[in-house]
Amino acid sequence: MTDTPLGPDQISGATPDNALRNADRAAAKDGPHDGPMLAADGTPLRRSLNRALRRQKLRALALVAPLLLFILITFVAPIADMLFRSVENQIVGETLPRTVAALDDWTFADGEPPDEAAYDALYSDMFLAAEAKTHTRLGGRLNYETTGISSLFRQAGRGVADIGEAQIEAIEDSSEAWDDSAFWAGLMLTGDEAAADTDLLADARARARIISGEPLAMPDETWPSAAAAAALPRTAVAYTEFALYTWSVDEDPPAEEDPWEAVWLSLALDLAANPDAPSAFSGAQAEALSAAQAALPPGTADFSFRDAFLEMDEDWGSLDVWGTIKAFGGPYTSGYFLSAADYSLNPEGVSAMPEDEQIYRTLFVRTLVMSLTITLSCILLGYPVAWLLANLPLRTANVLMILVLLPFWTSLLVRTSAWKVLLQQQGVINDILVWLGIVSDGGRLILINNATGTIIAMTHILLPFMILPLYSVMKTIPPSYLRAAKSLGATDWTAFWRVYFPQSVPGIGAGSILVFILAIGYYITPEIVGGTKGVFISNRIAYHISTSLNWGLAAALGSILLVLVLALYWLYDRIVGIDNVKLGG
Amino acid sequence: MTEAASDAFVAFERVQKSYDGETLVVKDLNLAMPKGEFLTMLGPSGSGKTTCLMMLAGFETATHGEIKLEGKPINNIPPHKRGIGMVFQNYALFPHMTVAENLAFPLEVRKIGKSEREEKIKRALDMVQMGHFGGRRPAQLSGGQQQRIALARALVFEPELVLMDEPLGALDKQLRETLQFEITRLAHDLGITVVYVTHDQTEALTMSDRVAVFDDGRIQQLAPPDELYEAPRNSFVAQFIGENNTLEGTLERVEGERCTVRLDSGEVIDAKPVNVGKAGERTKVSIRPERVEFDPELGPDAHTLKAEVREFIYMGDTFRTRLSVAGNDDFIVKTRNRADQVRLTPGQSVTIGWLPQDCRALDA
């Protein structure tokens, strides 16, 4: 080398920079290409490369396939199901389809209960639901919204068979033919067998399928005939539903079963409404129908389902009941999410819950604040330990590592229960404090069954999740950085704060994300040591899953939690940057 | 050495170091450096050279003895107050700071004002020809560039003593040579005192004013490079520095600047006694490969040896011939590639010889 010093860019020979530069120069010399680069055999290079890589890619895919499937089945699907459940509300529309349809023109603002058509629809819906025993489920569902509906529905399920008792008895007494199940079947098949009312059958079939919840393997029977359906429309519908239900759920031929009361009552109403109905039939059928028609008690033509329901329970005249059915009639509802945010969807619209019933927003805020506190305590306690682990000689560090991991190997319940022993007012910690004279015997600290207890116990339990990522990041920071800083004149503190700490931030980030996300969904520990002031939103979710059985609300709370976590994650990415998170090396 | 230590810039006085309380890593080290010297500590790994450097920097404490800087003991001064610049083997550039921030670090902790800081950073970067790289991160630089920055950072706060711990170890040969030259030039231009640790003897020989050869926790020889090469004081130094042929034998006669050695194979050769006892004791004679001649035309009193060619290696500017001499199958002879130089073939018998003063009789 001569007197003229060479800059780094003028160094000749094999430096990494020069190699790159030479490659660039070589590429430039080849000049621009026309069209795609070709492989040796003339196929485009890109395609050639893809073909060469395809096998590799397929093998990689095959290797990850089991995990992919596992995750899809056990993770993605349940989350999707949860999200769906939080808005899903098909039970009302499926159980009371005609009622919901009849309420189309009615609004809560009308100020009075709906008209007879709605009660009529309610009767036929309720009768089928009572047979299938789905009315209690619906009652339970609507009871979340308006208290009392559950018992109202259960009572209606029992009483619906008694509606129109006078009419049913009159028909029964008018001719012995009505006691014959096969006679009913014959009545419905009157006329040209080919001319069945297929639309009616299809409707009934769809309904029976929903109510029974199973695909129906019905023999393609032909009820009702078009003639019967024209003369006795209500009866045809009621009988078809009865027949399908009997066939598919009870698995009995309808011709051998007594028809439901709903069929009898429908016949009475048909005969009262259409005096010429018997003339569409002939022979014994016509005779029996005429006899029944003659025997009908007076006032059958003006039969009111509304009166019948009101007689059962006055609440059937209540605006709130009908308003609730109307408000939750749709297949999807925002009701669960509104409840989860301390609002309620009621017949008048959306309104805030009374202040003493607002719990979820408080719980969400508490969950977030306490999770942050726990994360912060974990950083404060875990950082020195991780530093020690990373800087001690290997043998000592391994022993210490076992101490860190030991809590991992004991049951969560044991650890949490141990905290109960330690923290309670007559517990070890208070005893020691009293013995030391730091607190008086009367002034024992309340360390458990409140937020303090939850924070202490959860910090302990989640500490390893902070220490491990911190340790693995610190392990990669060479001690020479600190030495360099000190040799450059930095005090121990400056060297740590300006040089070591910034490099350990990715570990803090990874640990914080782990701890925070685990904390926000924690359930067992707050349940055991949290009392009332230290429980998290997850405890409320668990309550709705296992005790109140309001899964929709639980799903809505869970979805909000999920969105919150994702939002915080996004925020973290914006502020710290997710590539600044390192779990190791 | 002891009288020089009083006014030396850096002085180790009877320094010992033990890590485990059982073995000494550094045994009784005495060393005095005048201001402005470029001293290299050279030695195999585990010889204690890095430990010495770390003690000087303040990262290790001496178990016994005193280390003095400008006459003042520094044993109890923490590293950050010693004001010694240091360049590390893996550069130790702070990865989360830009180049300029790295250079600003030592100035900031010294509370130097912004404008002065910037001026010093600029000067330091220009000094290592990296003036335009202030905004880059260390990870965006090549190894050689990083080393330049590390150098600039160690110099930016103008220390009078700079320590370098194998700074060029991770670089390729070409870059290493360029930087060797630059480091020596900077050291001389700035008049700084440098303690340089390396296990690369070429580096030590080309860069240093003096080289301290370490082995087994002691300085085996402290001398300028030429003296070290030409006149190794013991057989370890002779072996360690440069290429060397060793023949073992017994001293037959010692007379002033000349001695006669009877080799184990029975032949007799002349040598210069350097580190030997009296007649009858064992010795190792050391001859540099380039000082051996074929078919020598030496004085009548010079001894010659018969040799058989084992291997001939063409190396461009030189030829290496491996010979079998007096029972040693690895006797190397280096000859320059001249037009008239014969190329020997394996199996050929030759006569070799050397001037007696080039053949040094050392400790066994």
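Each residue, glycine too, has its Cβ placed from N, Cα and C.
Per TrEMBL, the feature transmembrane segment maps to A:60-80, A:363-390, A:396-416, A:453-473, A:505-524, A:551-572. Residues or ranges marked as domain 'ABC transmembrane type-1' in TrEMBL: A:364-572.
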Intrachain residues whose Cβ lies under 8 Å of the transmembrane segment (A:363-390), provided they are six or more past its termini: 397, 400-401, 404, 451, 454-455, 458-459, 462-463, 465-467, 470-471, 474-475, 477, 504, 507-508, 511-512, 515-516, 519-520, 534-538, 540, 560-561, 564
Positions on the same chain near the transmembrane segment (A:396-416), where near means CB under 8 A and six or more residues out: 385, 388-390, 457, 460-461, 463-464, 467-468, 471, 524-525, 528-529
Outside the transmembrane segment (A:60-80), six or more residues from its ends: residues with CB under 8 Å to it: 562
Tertiary contacts of the transmembrane segment (A:505-524) (same chain, 6+ residues out, Cβ under 8 Å): 367-368, 370-372, 374-375, 378-379, 382-383, 386, 412-413, 416, 458, 462, 465-474, 536, 538-539, 542, 561, 564-565, 568-569, 572, 576, 580-583
